[in-house]
Structure formats: structure tokens, C-alpha cells
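K.L.:
There's a structure below that I have some questions on.
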Amino acid sequence: MLTKHLRPGPLGDRLRAGVLGLVGFLCAVVVPFLPVHQDAATVTWPGEDAVNIELPLVSYSPTSLSLTVGDQALLSTEGTVLTTVPSSAPDSGRDGLIVMSEQRDGARHVTVRLRSKIVYDGALQGPIQIRSDAASTLVRTGEFQTTLSGDHRPQVVGLFSTTPREALGGSSATIDIDSRFSTGPTAAKVALSVLAVLAWLGALWFLHRADLGDGRRARRILPARWARITRPDLVVVGLLLAWYMIGVGSSDDGYFSGMAKTYRGAGYLANYFAYFGVPEVPIGIPYVPALAGLAQISDSGLVLRLPSLLCGLGCWFLISREVLPRVGVRGRRRSIALYTGGLVLLAFWIPYNNGLRPEPVVAFFTLLSWLSVERAIATRRMLPLCVAVGAGSLAVLTNPAGIICFAGLLSGLGPIVAGFRARSLSLMERAAVLMPVLASGVITLVVVFHGQSAASVSAMRAAHGVVGPNMPWYTEYTVWAELFQPQPDGSVARRFAVLIFLLALVAVVAALWRRRRIPGLASGPVGRLAFTAVLSLFLMSFSPTKFTHHFGSLAGYASAVAVVAAAVSAPAVVRSLRDRLILLGAVTAVLAICFTATNGWWYVSSYHVPWWDKRISVGGVSVGSMVLVLALALFVAAGCVHLSARHDDSRVQRLAGGLSSRAFALSAALIVTVSFTTMTKAAVAQYPAFSVGLSNARALGGDPCGLADFVDVDPDPGASFLEPVEGSPESALGSGTHDGFRSTGVASDLGSDKSSTNSATVGQSLGSTGTTTSDDDSGDGAARRSSGARVALPFGFDAARVPVLGSFGSRGQRKSLVSGWYRIPRDADGTPRDKLLTMAVAGRIASVDVNGDPVAGQRLVFEFGREATREPVASGPVAPEDLAGMQPAWRDVRLDTRNIPAGADVVRIRADVDSADPQQWIAVTPPRMPRLQSLQDYVGRQSPVLLDWLVGAQFPCLAPMPHQYGVATIPEFRVLPDKGAAKMTTNWQSHSSGGPLGYTDLLTTPVEVPTYLRDDPRRDWGSLQRLRKRLPAEPASLEIRRETRSGLWSPGPLNYGIR
């Protein structure tokens, strides 16, 4: 019977499509559960060489640990015999395992501390044996034995002992590393994946042949004249390309670039900055692996951002070639509608979709999915429905906001079912043509689970549930609240894109409500588009994260709605002068609301942008207020027209008709113009200093290293102090007058001010679920002065060499300091040897901030003179540039040596404090003239670096700290953003979030390296830290063995209790 149905013809093609679709569906669904190869990693201790080994586990705890400490080690060691966390690390006993031995009351005493709990504290009875896994922990010595039920595994960043190697006889440890995610496909998985793809493709082919059996000619895949270039194409594509060059990315570009660049080394897509390194499965694949492939081609951010550009061009192609004819826009309204759709697309793309976040991909695939549904309805064929389901599947897997694709699919469900029923098909045929559709929805599982198993999804969901954010649908109001905050998340451009979409949607729904059929429009597609847009706004509430950047997913739908809104605003539809004035007033009101926001962007993108931290104003008057007056005037005029009941075809009515039909396009054009002009002005105003546009231009010229080429570094600050004219380096600072200044005059709390005038941070802190970091930024550690008082010095300065004088704690109204003279080193031509004259200072100094506004504080200046006369030059003192946002913490003030008066060859420091306020104080160290080099040259391309997630995309040539087999490489440097943002990134990457700081902070001590943003001296760009090891140790040697694991295998839960 089946052989009869499989004969050539529509019926046979349908059944072939059904059989192949069923095979493809079943194979794709089974793929996640098939066995995988796991690279199981084990460490045994002690090794052949080092006693101390580094083993920073990405998951913090091993799968299991077996440890024995022998009698000889316990008898010969006084103090720490063995620990999994260096004793000098902060809170070292909180999460680690420590075995200690000491002589007490004439007997050897042993203490075993496991995660702050003492499990044994008594006399030495014999070797200590410890066995720990997720189910229980056993501690045994002599006749003592205790078992702790539950997960008490310690955190392991290595094994460290003060015991000499020769005394370690009988001591050993075996650590099974949690490398559950280091997996690859088995031959069976590869074979079934290939079979699934081939069967799916075959099903689509036979489904296409069955569609052609309806007797109608084959439909064009691309619309007629699709390659014809029009004027709107030149405008929209040109602006997209221009913004791609000069415009900003997203706040998370560094996050995604970090994940992409470590993907290949890790062997799986790890959430690099948090969540204990769990894989981002299924969300994020295949998008981030595609970024990883681009990262292999070039370090440049221009290359990594190619997917967003291509998706923008793809959305415009769909809007201009598919949406307009699909909704029926033709004739004279076509041009206005086309420009409106393009400008609204740009209004979304500029603030939301120019970076590495996946929303551009979601926007493209959701729009493609809806259009494919409409094509399936129009043609009554099934292949377009397969495209719709497949595109929707890709959208969902790219980002949680991709759930909005279901809106487009549901909008066409009724017509598709009705058309399906109208066809004279048997039950078998109906089931057969549905199987390729189902297969199209799950075929992406073949890619997602190519190297991972279904069990990894459980681990990912558990980690995200514990760490967060994991917000329920009814908290969606928070993302709307963020849209109206004075921060980059609620900027003018971001706010406008969403509000104009809502207004356009209201206009379309109102038009459909008032008249079932709109002249010149296809009511079916327009109604389904409106339904799709409304449902999308609701579906977005089911995303577990509530960030405004998810609105970028709506760019495709919003542009399509804007096209229809322009059509329903045409004079032929809106005939009443009153309605035209109301529409103009509504659009103007949206602009008024938007202009009450700041023109803010993220991190370096905000540099020198007008109004980046304040509401847009002209002559001190808020633009939002002025536009609001105009909106109210339009509403009043509409009311007057309504009351007067005048409907003559006056010049005012024609003018209002022309403006109202173009209102959406003109408002979007205004916001796009504001974004372009302010960003262009910023790039021009700060040249030759760093800007995003300049960085991209240099990348096109073959220099893709971004901000790393613009930040200068003082590689050896201890060696760059100026030579005093008289006295020793230690005494010259106080060899003049120092009334009220003393060596202990530095406050103990040097936390920077809460509000920074420099920080353009992300308003929605990704670190909201972690612990709050301290504001204390008192330097690199406390140094003991000869007086016995503890004074914190920055930049790793040696307190025995570097003097400090400060006025903190001194009584009286006035305090002053005049240092001794210091020689200015010069080259043979008489010019200063280096570019900057710097000095480490703390306290509050009168200065000018990055916006050019004065900052209150005390007077600190350089006085220049001639060594021959020891007198200041006539031109007077010169105030150095300060990082005002960092007050009162330690920082370097700096002076461009081109500003040193002619003929001066010596310099001294003058500080004057005229205040009894204990918060008004100054502390200084001797002046320096550093031998500068760029941060890129200093760090290099090979040194592993912990790039905080906000900065990574701006330092594309630095090497992110890699990890493999569940073990991270200890970074040599860390790069942080400015002070305000650094608190947020530190919080997100912290121990409580399962981030890399949870092990790097335990193994290293940070020492800040002095840095300066070239040609932008008042700017706090961020900071560079050199990470010094707490203990000398060698990386652990891993033993790797390949195991075959079931797709449901798990070694147990991750140790979330260690947070």
C-alpha cells in the first residue's frame, strides 16, 4: 500500500517528505541524548618537581578529592601542612581545606578546617585521610572518623604546603577535576547528525515538489527587481555603513568577545565571566561560535561586528522588498512608507544593534519568520512554513528574547489551518506534510548539541537559577522603568526607538479598529502584523533577564509596523484636520519625552559626546520642555478644531496632512541626525585622542588594537622619580616648608566619591545578584613608615624609598607645603626627556573635570625655576591635570611637558590647604617623569589577561585568560573600566557569581600600574593591574583520559553552596 502511494506525483512526494521529515525529526531529537567523548582530567600530588601547584578550578570545586597527609609531614611542620587556598588570600579559611600542625603542651596537635568548619582538632593519631565528593565527606585519623553528609567539597585553587619535599613521604592527593563540559561528539552522534540533516533537506525537497503539484507555477524566491538600487537604499544602507564605522557597540561587546575568543581553547561555549563556567547551551549557539570563527580571522572589532551589519542589511532588504508589497503599500504612499520603515529601522539599530549582542540576529530571523508565514498563507504552500519555523528556531536559540518569533507563527495559525483543511488531503497526507515543518523546528538541535549533551542544559539552568538574574514575567515593568532613567539604558535614542514603535502600533490598531478595511492596504497581513507586534511585547516578559537591550529584538517588527503606520497616516486615510493635529501632537509628545533623557552611551563611546551625562538643552533651556510646549499647542489646536467643526480644505489642513503623513519619518530622521552629529562632533573634538570612530579607522588601516594603543603606561614607576637638586630622594620632599604636612597625614579611608563625573556606566548592573564590592581604593597595600604609622601607597611603591607628606589630621585652617627643587631631565636638544610630568597624590584638589567644569578642592601646583637661581620663573605656577572622579583616592596628576615654561630646568611642589574641614586634605609623593610605552606594547599579545567584561572589545589584541579541561590559566594582568563601572564588573565576576575573580583573587595580589589616556589627561579610562602571585607555584600537570559518557550522564551537581 505504501509503495503505491510513493509513486511519482504529489501524493508520493508528500509521503516521501513525511517519511524523511519523520526521520529528520527523530534523529534531531535524539542527538542531545547520544553518548559523547569526555576529556576527564585528574591531578596527582606531589609531582616530580614543585611542592606548591596552581590548580584554579573554573567550577571552584573538584568532582572528588582524595587526600592523605602522612605522619612525617605532620611531625616536621609547624603551621600549615597542606591547604587548597593560599593562607595569605582573603578569607582563605572560608571555602578551602586547611591541615595544620603545631606543638602544643608538649604534644603534636593537628587541626583540620573544612570551609570554616573545624572537623578535627586534637592530638596527632596518625596520617590524616580525607575523601570528599558531592554526596559526603570523610575525615579519618587513627581511631577518629567522621562523615559529613551533603556537599562539603572545598574550593581548590591549588595545593600549597610549607613542608619540605623530603618530608612529604606518605602524603598524596588525587583530584578529579570537574571537566564534564569538555566533550566532543562520538561517531554515532556524528552519523546521526548527518542523517538528520540529509533527511531534513530531502524532506524539504520533496515538500517543494509536492507544493508544485497545485498546478500553479513556481514562485520566485526573491521578488522581482530585487537587485534594483533605489534612493532609499542609498540612504539607509549608507547610514548603516557610516554608523558601523563611527557608531557605538553595546555594553556587552566585551562579554561576547571574551566568550568567543576563549571558545576554541575551552572546547565549549562557556559563560566566561560568571556561572562557574557552565556552557551556554542551548542559548547562544550557533551565534557565539560564529563570532569565534571571525575572531580567528582578525582581532578587529569591525570583523566581529559583521553579523550585526549583515543582519541590519538583511532587515532592510526584507522591509524594502518583502514587507511593502506584502502589506499592500503601493503608489504614491510607497516612498514615504519606505523612508519611514528605513528611518525607524535606523532608530532601532543605532542604539541597540550595532554591537556583538545577539539582538540583531533575533530581529532578522523573527522578521523573516513572520514574512515566511505570510508567504505560506498567500501561496497556500508548506515550504515557506518550514522556513518560518526554522528561522524562528534560530531566533529562540540565539537569545531568550527570540521567544517573540512565536508571535509571528501564532498570527498565521488560523489562516494556515483553514487553508490546510480546505485542501482535499487524507489524514496520512496531512500528517506527512506536517513532519518537515516539525523537523525544521528541531533540526537546529544538531548544531547546538554537536559536542554537548542534554545533561549540560540542566547544569546551565541550575547555575543561572542560583546566581541569577532569573526574573519572572511579572517583573517586566523593571525594564520599562530603566528605559526612563537618566542613564545609557534610557538614552534619547533608546527611549525614542521603543516609544515611536508603540505609537506607530497604536496608530495601526486604531486604524484597524475604526475601519476593517484600510484603503490601499491588505487588511489580512496588516492585522496579523499588529497582532504579532502586540503579542511580542507580552512574550518578551518571559525572558529571564530584564535589560533594555532586549528591545533591539523588535527592530524588524517595529520597522514593518512603521511602514504600515506611515500608510495609515496618509491624507487619504486621515482626512480630519483634528485627527492630523492629534497625530502630530502625539509624535511631538514622544519627542518631548525622549529629549528629557541624556545622550548617554557606554564606556568609551561616551567620550566628548555632547550631553552624555545631562539632558539635552540649548542656551540652558531643556529641549524636552520646548518640544513639550509645541506638543501641547498642537493638542490645543486639535481641540479648537474639534469644537469649531471646521472641515474646509484649507492650506492649514493640507499642510497638516503633509506633515502628519511624514510625522514618523521626520521624527526618526531627527533622532538619527542627533545621534550622528553628536557622535561625529565627539570624534572630531577629541582628535587625536581616542574615539570609537578613530579606532575603527585605524583598524581599517591594519592597526586593530583599539584603546590599548592610546593608553600610555609607566612600566617602572619606582624608577621614574626626579633627582633632587639638594638632599636625598627621601628628604627632598620636605626640605622646603611643610606646615601641617606630615608623613602620616593620609586618611585611612580612600574610597573614591560615590558619584563620578567621568563614569558612563551601564545603568542596569549585571552584578545585581552578587556581593557588593567595597569602595575602598586605598592603594596597593599598607606600607609601614619609620614612624610606625601605616600609610597606604599606590603603584607598588616601596615605603622605605618613597616619601609621602599629607595634611590629613592636622588641625587649623591653613596648611602648606613647598618641596625642595627637582631637576627636569632633558634631551640633548634641551626639550624635556619625556611627555608627562606626573605625581601620585591623594585627597581633594581644585581642578577641572572632564566636562570642563570646575571641581572644588585645595590648591596643588608645580612651580618651575632655574637651578642656577633656585627661584621660580616669572610665568608662575602651573596646575596639573587631575582625575576628578577618583578623589580622594590615590591617583596620578599629570602635566604635559610641553606646558613647562621655557628656560625652566627644575620643579618643585606647592600645596596649600585653606580649610578646617577634615575632608579637605592633600597628600603628595615626589614628582616623576615616566618613560612611557603603550599598554599594548607593555602587555603584549601573549600574556594572559583578565579583561573585565565591559572593556574586552576595546582591547582586541590582548589575550583573554584561557581555560581548558575545567582549569583556568592564571592571568598576569587585569584591565578594568573607570571607577564607577569597575565596581559593577567586579561584582559580576566575583566569587558569589561564580566568576573568575573567585579564584584569581585567591592566587594573586593586584598592583595598579600608572596609566594615562594619551591627549585626554582628565579622563579616567580605567586601570591596568599587574597580578603578582601570592606564593611561588607551578601549574599543575593534568592527566587526561578520554571517556565515553551517556547524554544524560552527570558527575553530580556543581558546588553552588561555595558561593
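Note that the numbers count up from 1, one per residue, in the order the chain is shown.
The backbone N, Cα and C atoms fix where each Cβ goes, glycine too.
TrEMBL feature annotations, pasted as is:
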- 753-766: compositional bias 'Polar residues' (COMPBIAS)
- 37-180: domain 'Arabinosyltransferas concanavalin like' (DOMAIN)
- 185-643: domain 'Arabinofuranosyltransferase central' (DOMAIN)
- 677-1054: domain 'Arabinosyltransferase C-terminal' (DOMAIN)
- 719-785: region 'Disordered' (REGION)
- 15-34: transmembrane segment (TRANSMEM)
- 190-208: transmembrane segment (TRANSMEM)
- 302-324: transmembrane segment (TRANSMEM)
- 336-352: transmembrane segment (TRANSMEM)
- 401-420: transmembrane segment (TRANSMEM)
- 432-451: transmembrane segment (TRANSMEM)
- 492-513: transmembrane segment (TRANSMEM)
- 525-542: transmembrane segment (TRANSMEM)
- 554-574: transmembrane segment (TRANSMEM)
- 581-604: transmembrane segment (TRANSMEM)
- 616-643: transmembrane segment (TRANSMEM)
- 655-676: transmembrane segment (TRANSMEM)
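I'm curious about the neighbourhood of these features; can you describe it?
P.N.:
Residue counts for the domain 'Arabinosyltransferas concanavalin like' (37-180) by DSSP state, with H, G and I taken as helix and E and B as strand, are 13 helix, 72 strand, 59 coil.
Listed as Cβ neighbours of the transmembrane segment (190-208) (distance under 8 Å, sequence separation of 6 or more from its ends, same chain) are residues 13-14, 16-18, 20-21, 23-24, 27-28, 30-31, 34, 382-383, 386, 433, 435-436, 439-440, 443, 446, 450.
Same-chain residues lying 6+ beyond the ends of the transmembrane segment (336-352) with a Cβ under 8 Å from its Cβ atoms: 230, 232, 235-236, 239-240, 243, 247, 250, 312, 315-316, 319-320, 323-324, 329, 359-360, 363, 491, 493-494, 496-497, 500-501, 504, 549, 551-552, 554-556, 558-560, 562-567, 570, 661-662, 664-665, 668-669, 671-672, 675.
Within its own chain, the transmembrane segment (401-420) is flanked in space by residues 359, 362, 365-366, 369-370, 373-374, 376-377, 380, 385, 388-389, 391-395, 430, 524, 528-529, 531-533, 535-536, 539-540, 542-543, 550, 553-554, 557, which lie at least six positions past its ends and keep a Cβ under 8 Å from the stretch.
The list of residues near the transmembrane segment (581-604) in space but at least 6 beyond its ends in sequence, with Cβ under 8 angstroms from a Cβ of it, reads 248-251, 484, 486-488, 490-496, 499-500, 503, 507, 569, 574, 610-616, 622-625, 627-628, 630-632, 634-635, 637-638, 641, 656, 659-660, 663-664, 667, 670-671, 674, 678, 690, 692, 707, 760-762, 950-951, 954, 977-978, 981, 1021.
Sequence-distant contacts of the transmembrane segment (616-643) (same chain, at least 6 residues past either end, Cβ-Cβ under 8 Å): 492, 577-579, 581-582, 584-586, 588-589, 591-596, 598-599, 610, 674.
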K.L.:
Could you pull out which residues elsewhere in the chain have a CB under 8 Å from any CB of the transmembrane segment (302-324), counting only those six or more residues past its ends?
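P.N.:
For the transmembrane segment (302-324), the far contacts come to 222-223, 226, 230, 232-233, 236-237, 240-241, 244, 249, 257, 260, 287, 290-291, 294-295, 330, 334, 337-338, 341-342, 345, 349, 353-356, 360-361, 363-364, 367-368, 371, 555-556, 559-560, 563, 696, 699-700, 704, 953, 956.
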K.L.:
Can you check how the pLDDT averages out over the domain 'Arabinosyltransferas concanavalin like' (37-180)?
P.N.:
92
